[in-house]
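Worksheet for the structure shown next.
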Amino acid sequence: MPSIVRLSGITVRNLKNVTVEFCPREIVLFTGVSGSGKSSLAFNTIYAAGRKRYITTLPSFFATRIHSLPDPAVKKVEGLSPTVAVKQNFFAQHVHATVGSTTEINSYLALLFSLDGQAYDPITLRPLTLYSKEKILAEIAAIPDGTQLTLLAPLPAGDILRVRECLRQGFTKILIDGEISPIHKFLATGVPVPSQLIIDTLIKNASNTPRLKVSLFTTLDIGHGECCLHFDNQKRVFSTQTTLPETQNTYTPLSPDLFSSHSHKDRCPQCHGSGIFVSINDPSIIQQNLSIEKNCCPFAGSCSILLYKTIYQSLADNLGFSLSTPWQDLSPEIQHIFLYGKEGLSLPVKLFDGTLGKTTQTHKQWKGVLNEIGEKIRFANKPSRYLPKGTSYTECPRCQKTGLSDYANAAKWHGKSFADLQQMSLQELFIFLNQLPPKDPAIEEVIQGLKARLAMLIDLGLPYLSPERSVNTLSGGEQERTALAKHLGAELMGVTYVLDEPSIGLHPQDTYKLMDVIKKLRDQGNTILLVEHDEQMISLADRVIDVGPGAGIFGGEVVFNGTPKEFLANSHSLTAQYLRQEQQIPIPAKRQTSLGSITLSRANKHNLKNLTVSIPLGQLTVVTGVSGSGKSSLINDTLVPCVEEFIEQGSCPNLAVQGKLSRLVHINRDLPGRSQRSISLTYIKAFDELRQLFAEQPRCKPLGLTKSHFSFNTPLGACSECGGLGSITAMDNQDSITCPSCSGKRFLPQVLEIRYKNKTIADILEMTAYEAESFFLDQPSIHNKIQALCTLGLQYLPLGRPLYSLSGGEIQRLKLACELSNPVKHPTLYVLDEPTTGLHTHDVKQLIHVLQSLTDQGHSVVIIEHNMHVVKIADYVLELGPEGGNKGGCLIASCSPEELIHKHTPTSLALRPFLSQHQELPHLPDLRQQPPIPAAIIITNAHHHNLKHIDVSIPRYALTTVTGPSASGKHSLVFDVLHAAGNISYAELFPPYIRQALIKKTPLPSVDKVIGLSPVIAIEKNSAKNSSHSVASALEISDMLEELFTQIGRPYSPVSGDLLKEVSPQTIAEELLENYAQGYVTITIPFPPEEDFFSYTQEMLREGFLKLYANEQLYDLEGPFPDCLESPALVIHHVKILEKNIPSILSSLSLAFSKSSSIRLHIENYGITTSKTYQLGLQDSLGNSFPSNDNTTHLCPFCHGNGSLSTFSILPYKNRFAEHTPLSLFTSLFPNQDPTPIYPLLEELGIPSIALFQEMDDHSFQKLCLGTLQNPGFDALCTKAMLAHPTTNFPTYLISETPCNQCQGNGTYTYEHCTRIHDISLSDIYQSDVPFLKKFLLSLGKDLPLVSDIFQKLELLERVGLSQVILGQEQSSLSDGERYQLLLAKAFSSGLTDVIYLLEDPLAGIHPKDAPSLLSVIKDLVANHNTVVVTDREGSLSKHADHVIHLGPEPGPNGGYLLETSAFRDLQPISQSTYISDQIPKLSVSVLTSAIQIDNLSIPLRSLSTISGVSGSGKTTLLLEGIYKSGCAMLEKDPSLFSEIIFLDSHPQPASSRSDISTYFDIAPSLRNFFSSLTQAKALNISASMFSPNTKQGQCSDCWGLGYQLIDRAFYAMEKRSCPTCGGFRVQPLVQEVVYEGKHFGQLLQSSLNEVAKDFSFLKKVQKPLQTLIANGLGYLPLGQNMSSLSLSEKIAIKITKYLFLPPKHPTLFLLDGVATSLDNQQKYTLLSQLKTLVSLGHTVVIIENHPAFSQYADFLIQMGHKTDKTSSRIIFSGINQSPSLSNKLE
């Protein structure tokens, strides 16, 4: 393990360039006063850094589903492992947030119902069994032999044609009314009643099995999927249909979605999934004589609000009624739809989008106004708040509160419905699961996962909760532990967990249970970071990091970092002083005297046992007790509603008050809005007064500034660039940067001109409460509210700090401060729920002082609390218990704290030390001996694919190689077992939707157990080659560069070349004043063209606008208007252009831009009217506008960010289309396109429309393709047609990608590649390589943080061998080796520790010169305390490994064993090279590009040529751009030298789930024909097509001919299970009756190629492909082996076999790119021998390969390298291999 984790230079929020260190596998306690920076350090720095680094290495489909954090402001991160956060979980307060949903118990149960549940018809309650043909056969097979069976098919009444057809097919009898009758009686009339056609009667025995199958299938065919079986006086009905005949309802199999009330489909149709139903009790609340337009329904949104008016009008248009129709005249159907909605009703609605500045159309699902109210109730903590008078809500009578559909509610699992299991306690559910009999392994895994989750909740003291329990009824402690159980159940090690005050709300008795869980997590090998205030938790910690010394700007420093004992002995921080009792919270010398009492009777909410409780008035009462004992139920759910009723109505039946009580203040755990626009000052209601104070300043009136201008939430005052947020998001990155326009001040410049006491409003928002308190001494109203913040310890808080950035403790005190800032004299009851949440002991002391001051004023305070400091100062204590849940709810103590400690209750034990005169110091043990972490990853009984139940031990923090022949099980062990297990384990830490995304393509591994896992990063060779992203983007270099250019780059116009200037309200106002002073300006915005003119004018009138500009004159907005209005525009302002009017102009411009993206100014100056249009962004001196560099429209509009354009061309392929005419080819390629544009071109060139291409001379054909000045060419017309239908598939050789001329290939808008730093643009960088960028960055200085980060990435690219790759090059254009090296660089760049890296043959195909550098990178990974496991086909890496695992001894079935030594065999040399004479024809190749410059290279034909060279030297470019294109040209001119070009790369052939070896090599048809010729097949009338698992007639209908079933286990990995119906044989049972040599066709498909070749030696047609496959070492493969299930080396070997071992008879040019890299040494030897054989047959082979053996035995050598200046590639050597060594063997 690394000795230390170190983060240095941290400047996040208030942290002052701190450095923090800790050791792995420690429990680190972050402490300090509230607001000191603990959360900023733990979460915003350490967690953010670890998560960002790990997620960027994961597949993009997962990374994009998590909102990745921006990089924290930290200079260096060392030794950090992947991080997982468990934050404070304030669950949504609505009825759908339940214990079951938040802990995923519901998800487990839903999955079990879908996998193993029994479906029932909800009407008839009849069990539903969805049969397949094979399942029906299985049912019949259970009937004893010798039983007479009669099969019948249903026959409908009155169908004469059906009767005649049955008679024609030979059927003679029917069963009608229980009697058998001849069918011919009903030829004329049809059967009078529904009857049954008798298909067959037979005795069940082995000899009749084929007959039974044929008869059954016939019955199902005639009965349209339904069959009736009579036997032994019994009747069974089978159906393959999902429609129940009795009800005509159609059902689908049970799925997890059915059991989620969040699903938009299959919810309860009455309550729409909420489980509640809102009804109208008083019909008079709807005024019958009023219309909807006149607001007849008071509980519906008012039509005076544009939003509701728009929606209601759309509803009226859709249903065909008028909003002005009185309610009583509307039809009952429309009334019902208005109130309760209609399923599937979607309304088109036009609404104004402020972000776009225009009206856009959207669609709204209409649920009905009462259901909308129901939705609000569902999400509300207090439903009564949203319930209108005259209405009520109840549990939905249809779904009984579940919110599920009737079908889901009717389902059963082991006799229990979903609702039954929801109502059990967690303990009862755990016992129920333990009593179940053993299940299928897949189901058992889900049950074990559910039991583990339940056990965790039970261990955390929550056995009494039920899954259906709403979270909003839980106490704070219960909520927190519910959240913890969700995260702490994984068994990973090497993870850094960051926990946010996990002890919040826990009783001291419960805290010890939590500590045991955290210790267990640490002992598994993880690092635990705790942000904590609980003094008990220090005894748990291995290290204490104290952040302070104060809060806010007075904190942000690490004041201590060491062991708890050292902390207690040496630290002078407030935390240590309180622990040493140098500072204390004093016990009151005298308790307050009671001023009366509140007596609450018959309290029975939830688990309360009908309590009667008396609470004294005028005192501070603490309600305490273990978690779940009923405290929240007593106070929040019972006392508070009763007191509210008493105050409102003067009495309450369950409440008796003796004394004075006239007011209630309930401060609960609900969080205020956390919008970026909500700040502390707005919450305490001081911002309005501050704005009014500024609006009253003398300068405001002449400048036209009002109170509204001093708000950053209105367009009048907010900065137009950032919208008043103070920051913007740059270049589509989530990182926010300070707004360059307002410098983070939020306001417009004219607003900031106003000052109060020489301070602007922005200056005041940056003040702390401490500074503001003295500043506003002369403003009592503002001062008192700010003073309340200081009183509660929030003096460090900036007044403008957004609420979303406050900690939990700060939120609690802010809410109390808001109340204290408005003191009242009326006797008030203050009810607080755990107010010490998140507070340091010093802050608790201040809070207690405030609470005591309330009782001093005669008020009463009731607190739910566990903090013993608060309990000890209470005047009166109520304790509930004795335990939680059903064992709680009793009042076990009601007395003073001094009396309580003499009782025997959980709280008394915890309170005694706090009331003792000499409180003991926390017990801190000596330095702990941590349990040893597993030294290895242990894999037990791995039997995936061909692994032979092996047990493997892989040492941690070491380099392990797995060697062996191809297909010996290396990939199965490393990727299919180890990677899958790690992937699934890590996914457990995330919510189901993220987990499903991560493991969707991860099949369940066949292994008993894998222990010692850490997070896994896997890099495989067969990764997709379709990424259009650049090389620079892979390592986020492009993001960093774009941020760098955003910060210090200067934009220039691509048109004029001059520096672009920004267009903003400020620049427009300056331009007006400079050029048009003393004139008049009319500021207008165009009328939205999609808006109704009349409606829009009325809307604008309501907003206060008065004028309209059109026809170059002004009109009143009320009208009248002329018949024709040209370019109507709304007038925002008309004003004289004077210096004093600039603030007014600025405000008007800002308002205009807030309503429209484009504005138009009409300027009158000296009698001349000038009109100008402006858009926000950038502009050059010629008036050309460009989007600003923070605008999302920065993608090039021509290539849409791709950087390249697709072009279509047939010019090089005249001979391929020789027999086509231009029209016939166009219409065949583009059948839906009009060919008319071709005619003018043909007419101009004088080419007849019926002329074939072969009839045209070369000049005419070229003209036709390229076109003329007047008419576009055929290629251009095809390109246009192709772009019109981009999804159409075309031959790839006809399409080429060319760089976009508009953006020079970088995909950005034209001005962006004109943004420059030192005359260098992004475009210049993206067209260059690593050395160029490093030189450029050095010119900027490495002191810039971004520059330093980019340098690290560039150095890694150099180390993996990619220094010469162009940074802007698309990843898809890289060679296979380069792409793999890039993936390695991406994974290595994270800098994480404790990660398991899985690499697939990293040195394969690498040039020997590149290998040492790449090996050093891998070694560095291990040195950084990671575990690296590598597959090594060649064994070249094993000599450098710390541990080697040998698998073998053979490929395929004879492999998969664990060996003691290597299974590699010595290989024999092959024949020498071919003599190349001068007479052998040669292929002349020239490539002259910026990347490679080769002129007149001559490659001999009929020989073997190799191309080798270091990475990035241009090998693939030479092969494709040079040799391939030159070969195509030679093929056109002289086909005699070779008649075909075959190109093969290292990627396997694409294969579907149905493609197998028998179909790929066309072996299956001959075998199917043979089987169909057998006597049994003819007797059963089985044709050849029925022997195919790919036809409907032949395939097993349960698995569709695949032989396996994929079991979708929702948030678990998919399970691939052998089909139980066909036994995995793929073909239907009837086909399996035909047997040859003891095997039916399904068994034949499972036979090896060796066996098939032997058994069918007489079938000459199949022998050649079979013998070729066997010769290539693939004889062990099954004939029906699915192509997609083969290993990479097997796929490549298959590909090689098809194209190289079964070559064309005519001379062919073979171009091979890295095909040998995935082969082991034996396969390389076989390939080399075959290549020599091909040459001897007259073929030509050119192969890219760095393995020395290929160069030794080649006829012609080409060695690639870089020019001395490294600007491009060149040939270092090319020539005949003069003396190849024949004695050397493959290494």
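Each Cβ is built from the backbone N, Cα and C atoms, and glycine gets one as well.
Annotated features, as they stand in Swiss-Prot:
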DOMAIN    300-574  domain 'ABC transporter 1'
BINDING   A410, A411, K412, W413, H414, G415, K416, S417  ATP 1 binding site
DOMAIN    594-912  domain 'ABC transporter 2'
BINDING   G625, V626, S627, G628, S629, G630, K631, S632  ATP 2 binding site
ZN_FING   719-742  zinc finger
BINDING   G964, P965, S966, A967, S968, G969, K970, H971  ATP 3 binding site
DOMAIN    1254-1474  domain 'ABC transporter 3'
BINDING   G1509, V1510, S1511, G1512, S1513, G1514, K1515, T1516  ATP 4 binding site
ZN_FING   1596-1622  zinc finger
Once the chains shown are all counted, how many other Cβ atoms turn up within 10 Å of the Cβ of V626 (ATP 2 binding site)?
-> 27
Relative to the Cβ position of G1514 (ATP 4 binding site), how many further Cβ atoms are located within 10 Å?
-> 27
Write down the Cα-Cα distance for S627 (ATP 2 binding site) and S417 (ATP 1 binding site), rounded and given in Å.
-> 30
PLDDT averaged over the residues of the domain 'ABC transporter 1' (300-574) | 83
Binding-site residues considered: G415, G630, G964; fewest surrounding Cβ atoms within 10 Å belongs to G415
Which of S417, S627, S629, S966, S968 has the fewest nearby Cβ atoms, counting only those within 10 Å, among these binding-site residues?
-> S417
Would you list, in sequence order, the residues of this chain other than A410, A411, K412, W413, H414, G415, K416, S417 that have their CB within 8 A of the centroid of the site's CB atoms, where the site is the one recorded for ATP 1?
-> F113, G117, Q118, F418, D420
Quick tally, other C-beta within 10 angstroms, G969, G1509; top of the binding-site residues is G969
Around the Cβ of K1515 (ATP 4 binding site), other Cβ atoms found within 10 Å total 28
Which one, from the binding-site residues G625, G1512, has the smallest tally of other C-beta atoms lying within 10 Å of its C-beta?
-> G1512
Here the binding-site residues are G625, G628, A967, K970, H971, and the Cα closest to that of W413 (ATP 1 binding site) is found at G628
What three-state class does DSSP give K1515 (ATP 4 binding site)?
-> helix
Minimum Cβ neighbour count within 10 Å among the binding-site residues S632, S1511, S1513, T1516: which residue?
-> T1516
Candidate with the highest Cβ count within 10 Å, taken from the binding-site residues G628, P965 = G628
Within the same chain, and leaving aside G964, P965, S966, A967, S968, G969, K970, H971, name every residue whose CB is within 8 angstroms of the centroid of the CB atoms belonging to the recorded ATP 3 site, in sequence order.
-> S972, R1433, L1447, G1448, P1451, G1455, S1687, S1689, D1720
Would you mind reading off the Cα separation of S968 (ATP 3 binding site) from S1513 (ATP 4 binding site), to the nearest angstrom?
-> 34
8 Å Cβ shell about G1509, V1510, S1511, G1512, S1513, G1514, K1515, T1516 centroid, ATP 4 site members excluded | S1375, E1378, H1407, M1760, S1769
CB within-chain contacts under 8 A for K970 (ATP 3 binding site), separation at least 6 = V962, T963, G964, T1431, D1432, R1433, L1447
Is K416 (ATP 1 binding site) helix, strand or coil when read with DSSP?
-> strand
Just counting, how many other CB atoms are there within 10 A of the CB of H971 (ATP 3 binding site)?
-> 27
In sequence order, what residues of the same chain, 6+ apart, have a Cβ less than 8 Å from the Cβ of K412 (ATP 1 binding site)?
-> G117, Q118, Y120
Compared by Cα position, which of the binding-site residues S627, G628, G630, S632, G1512 is the closest one to G969 (ATP 3 binding site)?
-> G1512
What Cα-Cα separation, expressed in whole Å, is found between G1514 (ATP 4 binding site) and S966 (ATP 3 binding site)?
-> 29
